[in-house]
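For reference, TrEMBL has these:
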type	residues	note
TRANSMEM	7-25	transmembrane segment
TRANSMEM	45-65	transmembrane segment
TRANSMEM	72-93	transmembrane segment
TRANSMEM	99-116	transmembrane segment
TRANSMEM	123-143	transmembrane segment
TRANSMEM	149-166	transmembrane segment
TRANSMEM	231-253	transmembrane segment
TRANSMEM	259-280	transmembrane segment
TRANSMEM	287-307	transmembrane segment
Amino acid sequence: EYRQLTFILTMFLIVQFSGILLASIDLRGVTTQQIASAQIATTPISALFLIAYIVILSAVMIFLFRVYKGNAIFKIIEGAVIFIASFFVFFTLLGNLNLNFGLVAAVILAIALVIAKNRYQKLKNLTAMIASVGVGLVLGLSFSFLDALIFMAILAAYDFIAVFVTKHMLTLANVAIENNLALLIDVKEVEAVPESYLSKGERTAFEKEKASIEKNARPLRGVIEKGMVPMAANVSLGTGDLAMPLMVAISAFGVSMNFTLSIFVTLGAALGLILTMFILRRFKRALPAIPPLLFGVLIGVGVYYLLAL
């Protein structure tokens with residue numbers, strides 16, 4: 001019953017702790033002044049500019065989805081995102097060995113990842129995780145802790161509106177799923193639900209396919225005989241949902257020049273993700289993940305400061 005939650009949570013934590021580990025390489029031996037001087041986004045206005053960029057990019061994606069019936073453009077966008085984000089991951093890993101070698105190797109590995117993902121579609125989740133680490137790493141090193149929280153709060157509001165009001169985030173998610181783009185991680189399963197849970201239309205469709213399912217899918221026959229209906233269950237989490245908590249966790253290093261607060265942020269975000277998954281199982285509808293993730297992050301930050309008193 002909880003396998004999807006376990007898989008999603010595991011991938012989420014791998015991204016968070018991998019990003020923190022990579023950040024520890026970049027931040028090794030730095031001073032508070034060096035961190036401040038390296039931050040690009042130094043004011044809340046920077047967060048608004050990034051939000052505007054995200055909104056514009058979303059609008060472009062939706063426009064392309066409605067007027068363009070192929071998938072080449074989406075593959076190009078995906079390839080660009082994977083290349084840029086994974087480049088920072090590989091360069092962080094290899095750049096300390098030798099700057100020139102690290103630069104060339106990071107470019108080669110990033111290109112190889114794009115090619116491998118397009119050739120082997122099962123690499124989608126792994127590729128999305130690597131890209132999420134790259135995005136979270138770059139943003140985390142660019143923002144102060146307070147500005148990172150402000151940015152995530154603004155993005156949480158945008159996420160809520162995009163899912164429940166304009167619903168364009170659902171359109172973007174469908175684009176990613178239909179084209180198997182590494183812009184989200186997902187776990188697909190078949191779960192059994194009582195027939196009474198189905199809508200009238202779903203029940204009619206099931207009755208049409210029932211005989212065929214019983215004949216061709218013997219393992220499902222017992223499920224149907226118990227009055228249950230086998231249904232595809234797909235749980236997805238966007239790369240932004242993976243990258244935003246990581247961004248806050250990495251930016252938290254500058255508060256006390258260690259990763260203690262970062263760990264509390266990560267554990268709080270994990271709590272928010274678990275809350276999201278349980279709500280998802282209860283109401284069976286698409287949910288914005290960033291608001292509950294932010295809620296969990298704030299709990300983690302609050303616990304950290306309470307213990308520090």
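Note: Cβ is positioned from N, Cα and C throughout, glycine not excepted.
TrEMBL entries are annotated by machine, without manual review.
Among residues of the same chain six or more beyond the transmembrane segment (123-143), those with a C-beta under 8 A of the stretch's C-beta atoms are 11, 14-15, 18-19, 22-23, 26-27, 38-41, 46-47, 81-82, 84-89, 92, 113, 116-117, 151, 180-186, 239-240, 242-251. Under 8 Å from some Cβ of the transmembrane segment (72-93) lie the Cβ atoms of residues 22, 25-26, 61, 64, 102-103, 105-107, 109-111, 113-114, 117-118, 127, 130-135, 137-138, 175, 179, 181-183, 239, all in the same chain and six or more residues away from its ends.
The list of residues near the transmembrane segment (149-166) in space but at least 6 beyond its ends in sequence, with Cβ under 8 angstroms from a Cβ of it, reads 41, 44, 46-48, 50-51, 54-55, 58, 139, 143, 240, 244-245, 247-248, 286-291, 293-294, 297, 301. The list of residues near the transmembrane segment (99-116) in space but at least 6 beyond its ends in sequence, with Cβ under 8 angstroms from a Cβ of it, reads 79, 82-84, 86-88, 90-91, 93, 123, 127, 130.
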